[in-house]
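Features of the protein shown, as given by TrEMBL:
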BINDING   1, 16, 31  S-adenosyl-L-methionine binding site
COMPBIAS  182-195  compositional bias 'Acidic residues'
DOMAIN    1-116  domain 'Ribosomal RNA adenine methylase transferase N-terminal'
REGION    182-202  region 'Disordered'
Ligand SMILES: C[S@@+](CC[C@H](N)C(=O)[O-])C[C@H]1O[C@@H](n2cnc3c(N)ncnc32)[C@H](O)[C@@H]1O
């Protein structure tokens, strides 16, 4: 700094933020287009970058979902996944009236600080698990994991995972970009396919029954079956994921 003038080493890169490889950085400060909030945060947090802090201006409602805690009505998959790897803080709201021309939405400034140590979980597995849990976040875990279609889908994935145990878990940004998309509504998932559904999926009724027992066993071994994902801490979810994995139930 000299006489009030300071010099920044600055490199201007013109490009799509989602397509462009960022150079090494320590601090990110950005007024981003709100349409890429979710994939950009995924790129920053689940890609290959190592940075100290990111301060982002986000749409107010998105920011509220990002900082939500278990039990809050806005708590969701985005918040759970981001909290697995970072601390998130709401710094301030910024009214749309503070901009010229005035946009349609209010904004909030949020600070995201990645944790130093990587989480003690395979991220691809965690992300697959939270997708299942938060797709129906207000149902009990017991109800979510009793659904026939879900059981068949998990059986398929678990068999594939067992076949591919030598593969490195995929946590590169390529597979990660869609992972923070918010949970949907509590979609209905019917239980109606009978034995013919098992056979159509390539499994015998006995195979499906045994796998269903394994899932139920994991849930019954804790008091978590009656809990709803929207009210669960990451520690509780992680505990359940480990129980599932120990029983050969895989989510990626
Ligand atoms: C919210 S405005 C912020 C503009 C500027 N940073 C400012 O503070 O006045 C977001 C800007 O990002 C640009 N943009 C939109 N999509 C983008 C993308 N995928 N990659 C990079 N920039 C993008 C828009 O054209 C717009 O100029």
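Cβ atoms here come from the backbone N, Cα and C positions, even for glycine.
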Counts of helix, strand and coil residues, the domain 'Ribosomal RNA adenine methylase transferase N-terminal' (1-116), according to DSSP: 33 helix, 31 strand, 52 coil
Tertiary neighbours of residue 31 (S-adenosyl-L-methionine binding site) (same chain, Cβ under 8 Å, six or more apart): 56, 57
Neighbour count (Cβ, 10 Å) for residue 16 (S-adenosyl-L-methionine binding site): 7
Averaged pLDDT, computed only over the residues in the domain 'Ribosomal RNA adenine methylase transferase N-terminal' (1-116): 94
